[in-house]
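Below is one structure, written out as structure tokens; the observations come after it.
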Amino acid sequence: LVLELNQVIIPTYGTVPDQQNLHTPEWVDFDDKPDSLFFKDGQRRIDFVLVYEDEGKKLTHKRSDRKKQKRKRQVYESNLINNGLQLEATRSVLDEKLIFVKVHAPWEVLCMYAEVMHIKLPLQHNDLKSRDSAFNWFSRLFRVDENIIKPEQEFFTAPFQKEHLSSFYIQDKDTFFNPATRSRIVHFILSRVEYATKNNVKKFGINKLLETGIYKAAFPLHDSSFRHLSMDPNCPSERYLLYREWAHPKNIFKLQPLDFIRKYYGEKIGIYFAWLGFYTNMLTVAAVVGVGCFLYGCLTKDNCTWSQEVCDPNIGGNIIMCPQCDKVCTYWNLTITCESSKKLCIFDSFGTLVFAVFMGIWVTFFLEFWKRRQAELEYEWDTVEYLEQEEQVRPEYEARCTHVVMNEITQQEQYVPYTACGKCIRMTFCTSAIFFWILLIIASVVGIIVYRLSVFLVFSAKLSQHISGTEAIRKYLTPQTATSVTASLISFVVIMILNIIYEKVAIVITDFELPRTQTDYENSLTTKMFLFQFVNYYSSCFYIAFFKGKFVGHPGSPVYWLGKYRNEECDPGGCLLELTTQLAIIVGGKAIWNNIQEVLLPLVKNLIGRYSTAARSEKVVPRWEHDYHLQPIGKLGLFYEYLEMVIQFGFVTLFVASFPLAPLLALINNMLEIRLDAWKLTTQFRRMVPQKAQDIGAWQPILQGIAILAVVTNAMIIAFTSDMIPRLVYYWSFSVPPYGSHSSHTMKGYINSTLSVFNISDFKNASKPFSPWFGNQTTCRQVYRDLRYPPGHQHQYEHNIYYWHVIAAKLAFIIVMEHVIYFVKFIISYIIPDVSQKTKSKVKREKYLTQKLLHENNLKGVTKNMGKIADKIIKGADSTFRPKDE
């Protein structure tokens, strides 16, 4: 009886029949209906398509191998039929070697598996009245025309139960299960049907068959061409509508039809575009404030006193700077940095401080409001209790369950793929592998730093900085600039190469971990990939922001890397401008690289495939063959789209104090990204298997972690990377007595008082420059603001009182800024509930209706059955006690 239940009611694996009992698909010829989505009879809908190459016409394998492959395929197809699916095979129109097996799930199979998978289906219309938002009239201007894409009807739903079939809202059995749900159910069956048994180990699932090449493809059908409406009157042409009203570039300023996207592609795709659209809308506010701060910097740069002093021939022109490397570097004039100091005034202004504080609060609003929006979508898309009710164990996990353990909750035996010791060994191995690759990235960063240190010597020798030089090019192409740009470019190339390698490594490690469900698998992979990407993308930025120029000693006693390379120094204005350059190159290069990978490569592949079949293009080609020649979506689906956006989110928030235009660039990129991703899905890729998703998964805590870290990084950038705190300390304390000589608070004299003096006679032989000294001066100035006592002082070259005031002010600023922003974040998080009252009411109403409808029907059924039983008992009693006829 148990075996029968496993094969009939919940057929996780099909039984392997004998050769003579194999069932085969029905063979038919193509009926010249290119837009048909049905079997040849025009009644049974195609829910899935399997594609294989006729083994009799394969030339790449041995005959024995071809026979084995054919046997496995035949067994698999026979087991599909045994599990209730209906198959119809058709030979390709364009390539006689290809066979297309169309799969249809009849009503009984759909009902059975909908109950097994706990799929929620409509009970009755939603009778809760929805209030229109105050901004509804405004948002209507950007919505898709409701006459073109009609709004989806709202229903109260419940997990399907066949015994309560009459309680569900069924107008038509053919449309009760929509195409996305049908495809999901069929894929569930395809992933669990057996095709062979070897050494008592079951081999099963369409994924394994695809990997071994027995099948070439498996996919659900698009319902029409994206270029024109379907000629089949039974086809709604939803793909065409999505392209026209969503993916087309003309819709760049329109809101997305999220319910329609979810209906066609499933909740997992829908939640991604919902999140991306919400993030993009929130970026609008950040971009406006960022542009305002940038314009403020542009308008006030002419009043930047310290920059004027750098460019003044009588001030900056008389300041001779010490060499920035040993021996080959020369003395140089401060006015060489005039242009960079002007640019720095734009970014290193009071507006930057305001913007950094604003972004710390903005990111909290973004995450809190997204939680509310996500809760609304969870209810509207029936994923509130998805993880607890619907998500099934991965077939790969299920196949390895050979060890018996005792379940602590049920106190019953259950099968698991490994023991506690085995799990510990796996986790140790995976953790070690992750740390090894992170150390490899850090090693590459160290290599880039060594490159910067060594190549700076070359640029210093080639790009002569003699103080008598007057070439205009020196205003822009300084050794620091040349080193920074080339190092950033090399860093970008290394990042891209390591990305490709680690992607494969992360998948191998996660496969070895063997997570139980698909959500567990994706969350584990997400954590690994982001951890790697975080170190890979941000390490160079963290180095420039917080380490470069901080531990360099002074000209008479410099600090060396590896005992050989003299540590890098920042420009007199600090490393902020270099950090901005690094961000611009990495963010810009990453956007270009991703667009090439995501758009151009699939487009080129599809064009090549189109031209290769151009000679046979006069033939009428069916929909399944059109879709076969599109690109497969890949195992990880939208993982890389999420990763790209989260890395961008990190750049926008973690280092925004150095580049206030980052939100604007991200906004422009995302407006294009939404349409490019939509265009890619609707035109270049096969239709994805619709999947459920309750939320954005592991990306949510990652975003929250970035938001917390962003407050710290921006506070430290303002304190330690920018020159704002030293300027404020000078303005309020050291420009006036007792430390200064000015009668009122001013920025005049700032440059002269902050560049420490060094006596050239104190140079050691190892670092003394080869170039001769011109002029009568016996001192030079340190490039960085190290704030040391001058030569001749009793504490010469030691840090002066100004330095300790600045350090105290920096630490106080970090503590105050962090605590203020964290306090505001806490208040905002407390005030804004994660789930709105309207959504809570809908959830309660749905639960009430579910209990009422299903339980009342149960009660009616029990009462009816009890009545019948009572009648039978009474009749039996009457016949028993009725007197016999004498």
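Glycine residues also receive a Cβ, built from the backbone N, Cα and C atoms like all the rest.
What TrEMBL says about this protein:
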type: DOMAIN; residues: 38-258; note: domain 'Anoctamin dimerisation'
type: DOMAIN; residues: 261-846; note: domain 'Anoctamin transmembrane'
type: TRANSMEM; residues: 272-297; note: transmembrane segment
type: TRANSMEM; residues: 350-370; note: transmembrane segment
type: TRANSMEM; residues: 434-461; note: transmembrane segment
type: TRANSMEM; residues: 481-502; note: transmembrane segment
type: TRANSMEM; residues: 645-668; note: transmembrane segment
type: TRANSMEM; residues: 702-721; note: transmembrane segment
type: TRANSMEM; residues: 811-832; note: transmembrane segment
When only pairs 6 or more apart in sequence are counted, do the transmembrane segment (811-832) and the transmembrane segment (434-461) reach 3 or more Cβ pairs under 8 Å?
no
Would the transmembrane segment (272-297) count as touching the transmembrane segment (481-502), if touching means at least three Cβ pairs under 8 Å and pairs must be 6 or more apart in sequence?
no
Counting only residues 6+ away from its ends, which parts of the chain sit with a Cβ under 8 Å from the transmembrane segment (645-668)?
276, 279-280, 283-284, 286-287, 289-291, 293-294, 297, 347, 351-353, 355-356, 359, 363, 530, 533-534, 537-538, 541, 545, 576, 579-580, 583-584, 586-587, 590, 699, 702-703, 706-707, 709-710, 713-714, 717-718, 721-722
Restricting to the same chain and to residues at least six past its boundaries, which positions have a Cβ under 8 Å from a Cβ of the transmembrane segment (702-721)?
352-353, 356, 359-360, 363-364, 367, 526-527, 530, 544-546, 550, 574-576, 579, 646, 649-650, 653-658, 810-811, 813-814, 817-818, 821-822, 825
